[in-house]
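*Asks:* Pasting a structure here, questions to come.
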Amino acid sequence: MKKATTSAAAKSQGNSKMQKNANNGTAKDKKKPNLDKESNDSNSVSDMLAVTKDQEVHAFFSKLFDDDAGPSTSKKTQSGSAAAAKTADRKRRLQAEADANNNDTGKAGKLTKESEATQGARATKRKQARSLGLERTSPIQVNGAALACPLVRKSLPPGEANSCPQPPKKDPAAVNSLVKIIKAEPTEEGNNNNDEKETETIETHKADSVEEGRRVLQWILFPVQTKVFFKDFWEHTACLVQRSNPKYFQSMISFKMLDEILIRHHLDFTVNVDVTTYKNGKRETLNPEGRALPPAVWGFYSDGCSIRLLNPSTYLIRLRQVCTVLQEFFHCKVGANLYLTPPNSQGFAPHYDDIEAFVIQVEGRKRWLLYEPPKKADQLARISSGNYDQEQLGKPIIDEVLSAGDVLYFPRGAVHQAITEEQQHSLHITLSVYQQQAYANLLETLMPMVLKKAVDRSVALRRGLPLHTFQVLGNAYKGNDCGSRKQLVENVQKLVTNYLMPSEDDIDEAVDQMAKKFQHEALPPIVLPSEEVRTVHGARSDADEQGNCVCDYKFNKKTSVRLLRANILRLVTESDGSVRIYHHVDNGLDYCKYEPYFMEILPEEAKAVELLISAYPFYLTIDQLPLESSARKIEVATALWEHGLLMTEKPFK
């Protein structure tokens, strides 16, 4: 292990692929699309997308707890733009369908009845043909600027949603509910308790990221307090909060913002976008190949299909901010999926998931039915289920309609399905947390480590099995009551008791490995303006008259520093004795896009990092770091700061 002689020498250690690419995890993520200016209507939506300035993000979150909703995100699409955005192929198809439906006299005798199977086959073929043709179609442009593709209206027949058989109409007597429904009074929206209001006065660069995450969760669940939520609902039962405020979540996403994303970014079917439907008791994914351009996506939507955006936080900076702040509180990856369902439709069959789900209703309405896990083994499930038939479900524990502004939480293993109403579409976000965060996951990491160490230490575990083992043990020999069988069983149990009890150090090591996994999965932090000037992101370099590089920052032993976030790094001692700092500062916006980022330090330098971890959220002077010399203290602090892990109390400028 090489000892760094200068701060610049303390470079990240990684695989050879990472070292070859100087821009790995940095330049690619920080590059922003060059968006053309359009009408005021488009600009108002662009402000909500990933190109939004950090100042607007900061302003948005500073208002979260004073105002129950953000500003209006878009204006109504003008009729002229709507007409211009429709393709000629779609006009011809819609006109042909209208003619076929209305011409009852001239063609009635010529038409023959088709079987349901034939109709379904033709419908599928028609969808595929249209989507394959439109996936290469560029958005219509006016004066060189692409227009937003409006929602194509299609008259859906009234009646049951497009799934068969459907759950019966809501019957309060049929609901086996122990779920508490919280209704927020309009006069109370946006109010928070006193300790939260006091926290708001803390300067951004002095705030505790874990507490900030709790406040965002409180905003989502209001008026349910977080302490009450974790006591009464978390991993136990569903919690439904109904509000009379459709604007509560509107600043996070809208239908028009989704359309802008499809136009301005390259999204592919299957990778970024799923098209799903649930008809005749069968769940189908209808993803074509290629890019998900608006005409293809809205064509599927008009045919009653649900649209799922798999990584909306990549493109929506406000949603990404919610996820990055919440991951500090939950100490795990916080995912987000976006679901857009047309009126009178259902996109997914009944199933359960392996995540704690927060359903945030942004637009429209959707009826949700939740059921108890079919088996006890499914409670707090670790793997998502397959699809259930309606006949396999018992009485719902909740049967309620979510309106815009409402939020529904339910734990892992809760079977659920959702259907839109006849005249209402639905746009909701599902935040997912605590996937693979159970004690079982810890033990799966811990026990192989314990066994390996025990085998190395104990010759008893390395001794060979008795020759007669296969003749006395096994399912076929359960009825054998011989003494040798009992002796072998006792020997195995004693070995487990004597050698496989994990020590405190073993548990620490296993938790470090799980935390290292979180560093690989986490979204990179969003550095706010007041933080940027205190971090490497605000540093600038220039050249003097001789061409030497001159940096605009310099540390001394009186400089005060702290970690950028509470969970920005993980100090891990690997099995070979090396000490590494794993972090997620340079992670990509796509899930595990790069190999894990880490920097290797000397074992004696670990104490300085441990002190920074324990001191958070407070600042320490560099002179307080427990290292032998001032030069070494400054060197270590500078290296951590240059990697984006530290923040100074005062800007250098």
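Positions of Cβ are set from backbone N, Cα and C atoms, glycine also.
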*Asks:* Looking at Ser12, Ser44, Ser575, which one is marked phosphoserine in Swiss-Prot?
*Replies:* Ser44
*Asks:* Return the residue out of His416, His425 that Swiss-Prot annotates for the same Fe cation site as His351, Asp353.
*Replies:* His416
*Asks:* Among Ser131, Ser155, Ser426, Ser541, can you tell me which residue Swiss-Prot lists with the annotation phosphoserine?
*Replies:* Ser131
*Asks:* Among the residues Thr137, Thr276, Thr573, which does Swiss-Prot list with the feature phosphothreonine?
*Replies:* Thr137
*Asks:* Identify, among the binding-site residues His351, His416, the residue whose Cβ has the fewest other Cβ atoms within 10 Å in this structure.
*Replies:* His351
*Asks:* Same chain, not part of His351, Asp353, His416: whose C-beta falls within 8 angstroms of the C-beta centre of the Fe cation site? Give them in sequence order.
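*Replies:* So the additional residues around the site are Phe348, Pro350, Tyr352, Ala357, Ser384, Ser385, Ala414, Val415, Gln417.
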*Asks:* Please list residues from the chain of Asp353 (Fe cation binding site) whose Cβ is under 8 angstroms from its Cβ, counting only those at least six apart in sequence.
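*Replies:* Ala381, Ser384, Ser385, Arg412, Ser432 - these are the non-local Cβ neighbours of Asp353 (Fe cation binding site), listed in sequence order.
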